[in-house]
Ligand SMILES: NC(=O)C1=CN([C@@H]2O[C@H](COP(=O)(O)OP(=O)(O)OC[C@H]3O[C@@H](n4cnc5c(N)ncnc54)[C@H](OP(=O)(O)O)[C@@H]3O)[C@@H](O)[C@H]2O)C=CC1
Ligand SMILES: O=C(O)C1=N[C@H](C(=O)O)C[C@H](O)C1
């Protein structure tokens, strides 16, 4: 059997951090080198001690993880990726790849990811569910096959989600726009606001503990097609992220996508 890779986990006590640790400790090809969070209080997650995020840089050099898996927020994710690139520039540690599922990056933050990818492998994916990648693959065909149909996208998530629309919704919208002639994205609708023929309606629901749902509606006046993905639990994202970390460990510097992992 090949040696397991070692991962660092950020946001360890968050919804996804906990799932990542659970997924990683459940398999033989991966071991948790360390886990960090902003203000740990001596907590462990699945037997893994959660250490202070302030020690992230020194943990990189002392534990030498093959990859870090990050589900935090855009600000912290950019700090963590920069720390991985800086540790690599130090030259005396294993290169640590950075796998992030964090969403809501602005252009400047995306530029930090891009620049880190010049020295370390960076994989950023707004959704680590394989079913969502299948949805991304088919939505372009559907749009091409149904020119002139109204297109609306509805996504639903839990009430603590910070960004809207979701990262996945933005990825799907890019795919829709790349495959048809569309006008503006209309976010929600109220008052006297009849639909423009070429607009794409975008609707974000935030309620309860919804794990993540994305639906694209393509409709004429005579028929409709609905393409839906529903995540049943967060474990599906965690398994995909750990698959990505195992795949990217030891890769050369550059930008990678979850589709690279699926196609490998
Ligand atoms: N790509 C994918 O498949 C998926 C992506 N996501 C994305 O992952 C991200 C996290 O989601 P989720 O786990 O639900 O969020 P949570 O709020 O449950 O967890 C976020 C974690 O990150 C920590 N964190 C937040 N900001 C910082 C910071 N500035 N510095 C250090 N730590 C920080 C939080 O710590 P604290 O508790 O101290 O605030 C918390 O532990 C979101 O962007 C979400 O959209 C989610 C699911 C799937
Ligand atoms: O915040 C979440 O929960 C999720 N975020 C991701 C997104 O923004 O697309 C992926 C998934 O839908 C869950």
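Using N, Cα and C of the backbone, Cβ positions are placed for all residues, glycine too.
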Listed range which TrEMBL flags as region 'Disordered', given the options 153-175, 176-198, 199-221: 176-198
Alpha-carbon spacing, residue 11 (NAD(+) binding site) to residue 157 (active site, proton donor/acceptor), which is rounded to whole Å: 19
Secondary structure of residue 11 (NAD(+) binding site) (DSSP, helix/strand/coil): coil
Cα-to-Cα gap, residue 161 (active site, proton donor) vs residue 126 (NAD(+) binding site), nearest whole Å: 13
Intrachain neighbours beyond the region 'Disordered' (176-198), with Cβ under 8 angstroms and 6 or more residues off its ends: 139-141, 143-144, 147-148, 150-151, 153, 165, 204, 216
Least Cβ-crowded entry, counting other Cβ within 10 Å, from the binding-site residues listed as 11, 101, 126, 167: 167
Secondary structure composition of the compositional bias 'Basic and acidic residues' (182-194) [DSSP: H/G/I, E/B, coil]: 0 helix, 3 strand, 10 coil
